[in-house]
C-alpha cells in the first residue's frame, strides 16, 4: 500500500478516475445496446409489440437479478477486482455475439435483404443477451463498492462525493449512448442488400465494453484490493435458519418470549453478527413495496417509446421515438445537482425534516402522477388514431383512377365515385359475411368483384373502366413505425414505370397497378418518374408535399393530354397530430421522482448497512428493480387492456396504494448508525478482555459507581 499513497490527485485516490471512466464506458455500452433492443425485436426479428415488450422486460429483470450472484462471488471467493475483470470479459463476448446475430448476410443466402432462417438469429441474440445480463449484473454491485474501498479512513466526504460523481457518470454514459446509437442504426449497410445497420449499432457498444475493460486493467497497479471476507452470506443464511428452527422448537407457552425473533440464534452465534443481521432484515422489510416504483419507471423504455411513435415529432425534428429517452438522462444530469445544492437545503431551512424515507415516499407519488399524465396524453392520441381491422374484419377503400363516373355497390351501401377520387376513408366489413361487391358505370353492365380478401388486412380496390378493377392488399395495418411515412405509387400509363425516391426504388410498376409501400422519414422528398411511354420533353422530377410523422399516401401517376405525367395525392393514413412535446411533463415528473427515490435509496441502503454487508444490501436494492420488471410482465400479460390509457391508470393507482403503505411502514422505522453500534461492540469486547486480564481494576470501578 506504500505505493498507492503516492497516487493521489485533488485529494482523491487516482485509482477512482479509472473506475469512473470504466463505469462511464460500461453504461454507454449497456444503454446503447438497450436503446435498440425493442426496435431490433420488432423490425429485425419481427416480433409483435407485446412479445417484444415481454422479452425486453425479462432481459432487464435478469440484469438486476444477477447482481446477487456478483456480490456473492466477490465477497466470498474472487474478491471484487477479479470478479469485475472476469465478468467484463464474459460481457464483452456477449456484446459481440449480439452484434453478430444482427448481420442479415449470416443466413441471407438469396440476398433479398431478409434473413432466410430467423431461428439462427434469435438463438444467437438470446445467447448474447444472457451473457450480457450475467456480465452487467455481476459487476454492478462490485464496481461502486470497489470504488468505495479505495478511500482511507477519514475520507468520508470525498467518498460521498465519489458516489455522486459515479451516479452522474452512469447518466452521462446512458445519455450519450441513447443519442449516438440510433444515429448509427439509421446508417445503411450490408454486403448484398442495404438496410438499417444493426451490426454497426450493436458493434459500437461492444467495442466500448472492450475499452472499458482495458481502462480497468490499466489502473491495476494502483488499486487498493481488499481480500474477500469469507462467505458472509452463508453465515447470514445459517444464522437466520438456526433462529427460525430454534424459535420453532421453543414454540410452547412455557418458554419466555424474546424481544426479536433473531434473538433465538444467540445460543450459537455472537451478538455482533445477530445485530448486523437485524439491521439488514429491517431494511429488507422496507424494500418489499419498492418494486412497484420500478415497474412504472422502466416502462419509459417500452410502452412510452411505443406511445411516441403515434405522435408528431415536429418540435424536436429528430426522427422519433428515441429523443425522449434522452430527455430522462439530460434531466437527471441537471436535477441531481439542483436537488442536492438548492432544493434540499431550502427545505431544511424551512424547518422540515426531509428524511430519506420521506424523500422516497415523495418519489413514488411523483411517478404515480407521471402515469396519470401519460394516460391523459394517451386519451388525446386515441381520439386521432385511425381504426384498423381486427382479427376477422376486412377493410376496403375504393379509388377511381379512370375517366368515367363509377358506381360501387358494397354490402349495405352504394358509393358513387367521380374520376380521380376515393371513398371517404376505409369501410369495415366482417370477413365471413363479405359477399358481393359490384362495379358499374352509367350505361354499362355490372361487373362482380371476385377476390378472397385477406382477413385482418386493409385493401384498396382500384377501378378505372366499366369492367376493369384490381384489388391491392395494402400490407399496412398499423401506423408506420418510428414515425416514418408510407408512400406507394399507382401507374395509369400502359407501359411499366419505375420511380426513384430519395435513394429507394419502386421498380417496374405495371399498368393500372399499385406498388408496395416504402417508408421515409419526415421532410420533403424528391422523386423521378421513368417510363418509355413518357415523351422526352416532359418534366419527370417531382417533389412530395412536406411529410409529417406516421402518415401514408398513394400517389397516382396520371397521363395529361400532352402525354406528360402529373401526380394526384390520396391520403391513406392521416399524419400523427398530437405533438410529442406533450410527453415532456410525464418524463419530467418521472425523473424528479427518480432523483428523490433512486439516489436517496442508494444512500439509505449504504448508510443503514453494517460494514461487512454493504455490497449485499446494494444487491438487495437492485433486486427491487428486477421484481419491478417482473410485475410489468405479469400485469401486461394478465390483463390485455383494449385501451392503453386504462393500463396506465391501473399502474398509477397501484403505485398510489403502495405509496401509502410505504409511508406507514416508514413511520415505524428508526434510523441507526451502524458504525456507532459496531464501535460499541468493539468497546464491550475491550472491556471483557480487560476484565479477564485485570479483575481488580473492574471491581474497583464498580465499587466507585456504587458509592
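Quick reminder: no glycine exception, Cβ is built from N, Cα and C everywhere.
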Residues flagged as transmembrane segment in TrEMBL, choosing from 53-74, 229-250: 53-74
Cβ contacts the transmembrane segment (120-139)/the transmembrane segment (6-24), at least three under 8 Å, sequence gap 6 or more: no
Top Cβ-contact partner of the transmembrane segment (360-379) among 53-74, 81-100, 160-180, 200-223, 279-297 (pairs under 8 Å): 279-297
Top partner of the transmembrane segment (160-180) among 81-100, 200-223, 329-348 - counted as Cβ pairs under 8 Å: 329-348
Positions on the same chain near the transmembrane segment (200-223), where near means CB under 8 A and six or more residues out: 3-4, 7, 13-15, 17-19, 21-22, 25-26, 28-30, 32-33, 36, 40, 81, 84-85, 88-89, 91-92, 95-96, 98-99, 102, 146, 150, 177, 180-182, 184-185, 187, 189
